[in-house]
Amino acid sequence: MTETMTSPSGTGPAAAAGTRIMVKADSVHKSYGQLDVLKGIDLEIAAGEVVCLIGPSGSGKSTLLRCINHLEGINGGRMWVDGKVVGYDIKGTKLHEQKHNDVCRNRTDIGMVFQHFNLFPHMTVLENLVEAPRLVLRQKKSQVTARALRLLERVGLADKAGSYPRQLSGGQQQRVAIARALCMEPKLMLFDEPTSALDPELVGEVLKVMKDLAQSGMTMVVVTHEMNFARDVADRVVFMADGNIVEQGPAAQLITNPQNERTRSFLASVL
Amino acid sequence: MSATAVKVEPQRTSPDQYTTVKARYPGRWVSAVVILGVGGLALQSVFTNPRFGWETVGKYIRDVSIVNGIGITLMLTAVCMVIGVVLGVVLAVMRLSLNPVVRTAAFGYVNFFRGTPVLVQLLFWYNLAALYPTISFGIPGVNLDANQIITPMFAAILGLGLNQGAYMSEIVRAGILSVDHGQAEAAGALGINRFHTMRRIILPQAMKVIIPPTGNETIGMLKTTALVSVISVPELLYSSQIIYARTFETVPLLIVASLWYIVVTSVLSVGQYYLERRYAKGGQRSLPMTPWQKLALFFNTHAPLNTDRLARKGGTR
Ligand SMILES: Nc1ncnc2c1ncn2[C@@H]1O[C@H](COP(=O)(O)OP(=O)(O)OP(=O)(O)O)[C@@H](O)[C@H]1O
Ligand SMILES: [Mg+2]
């Protein structure tokens, strides 16, 4: 039992190939009071893999994403990120819940991008990027600033370093949010409907940045309704409904040839 | 009289032949005249009634003890507001704590100090020696005479500061709650801990909501300091009272005090304006213009000869 906790025993396809497992969920349960939101999720994501989570509203996609970086605690099962149990320390045979500050420290490896960007409006774009690496990783200002400017260049916003978030379009804000998460140099990136709050003509520029990121080898978990993005970029698509994983498989296969009846009706409604 | 006379409208062929006539608002003129008239009469009576004693006002307006009184009033205001703000932030954070005991303690504090008149609190602190003749702070060997420590000034600072903390905590709490929850979440996702999230992310944004009522509170505090005259702290009002107790020129000296209160509150209002502007940073796409900038713009755009100045300076609007 302890054995499986310290090192997630690889059973999925990725583990068989001998690759590093970035995320492993083992029968993860989550409930809010009486409401069961996640009803035993088993999932394994290899390093470098891009996984899209799709499913109807309220199926628990955001909740699963938030359990991965412990923004939500789980009520049952176990979650690992890069071989470490999320939210707990193992001492002997006991799992000790981590204190809030330790949880925060462990999150530095995981970047997250929100639907509503959540940029810090009182800071310039550059300050948004530099804040956490300076404060949390205690890195030197010159070093972080140089990295931040490189990242802004990469997302096509080098000229906006001195602007405030309110002065940017939604698409630009979301690209800043991606750069802000990347500035922590994470191993894993989580995206919760990153384009849902954007005007249709701004969606493309954000998806392009995400596609570049995927091609650079970043491990990504993306909750999205953009089926074209899922088909073109994702290695795997996971379909969730009612707190369960109903079906998963290679993107092209699952989207064009779903096996499960629920997947079929969901895809029919969004495509 | 030809009842059948028909007015012949001149033929209009294109719209630019019409001349526009501005709308007229006679009511605005009437109300302006009435207000100016009534105001003028009031001023006339104030300045011609010898019992106002304007000469006496002039004599004492820069009196040494009055000026010293202003100094003490300003010092009391500043010190008590600093105590109030610091205490207010601490209490507000306590009110939002996850620990129910901490939360309840903060609530109890606020309830107690808001629930009793500040005048009563001042008298209470002033008479603390009656309750605790010696103060030891619980440290053995320490035995201080309460009458020596609780000077009128100390009682005033304690009374006004602790009371202000209760009011400020409500203002700060409203400010913290006004910040979108997504901000704390984004900070948490970046690994920023609770303390830094509060100090670097939440509080700076809460300032926009906290500053305006705090400006009001400061102006209110300036006037509330007059209460400490009852425990004979020689601030502005008490200094005036000492003089008129001697000369019986009560009304002129109350006017002296009032004039100074107005001057100082006016200066504070200007400071408040610029402070609010500073903390609006990032809140709007561009900062609103100050009155000076508006004035400069007015003269730039209305001066007939140098209308191109604005364009050269790169100004918009
Ligand atoms: N903090 C909370 N308290 C109580 N219930 C919650 C909370 N957060 C989410 N829920 C509930 O959990 C369920 C799953 O929510 P979740 O946000 O994970 O869905 P989702 O799949 O992301 O949906 P959407 O596509 O609409 O974002 C919903 O029924 C929601 O009402
Ligand atoms: Mg969601």
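Cβ coordinates come from backbone N, Cα and C, glycine included.
Listed in TrEMBL:
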DOMAIN    B:70-272  domain 'ABC transmembrane type-1'
TRANSMEM  B:29-47  transmembrane segment
TRANSMEM  B:67-94  transmembrane segment
TRANSMEM  B:106-126  transmembrane segment
TRANSMEM  B:146-163  transmembrane segment
TRANSMEM  B:226-245  transmembrane segment
TRANSMEM  B:251-275  transmembrane segment
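Ranked by Cβ pairs under 8 Å to the transmembrane segment (B:67-94), the stretches B:29-47, B:146-163, B:226-245, B:251-275 are led by B:226-245.
Residues 51-54, 56-57, 60-61, 63, 66, 70, 73-74, 211-212, 215, 218-219, 222-223, 226, 236-237, 240-241, 243-244, 290 of the same chain lie 6+ residues outside the transmembrane segment (B:251-275) yet bring a C-beta within less than 8 angstroms of a C-beta in it. With a threshold of 8 Å between CB atoms, the same-chain residues lying at least 6 positions outside the transmembrane segment (B:226-245) that come near it are 60, 63, 65-66, 68-70, 72-73, 76, 118-119, 122-123, 126, 152-153, 155-156, 159-160, 252-254, 256-257, 260-261.
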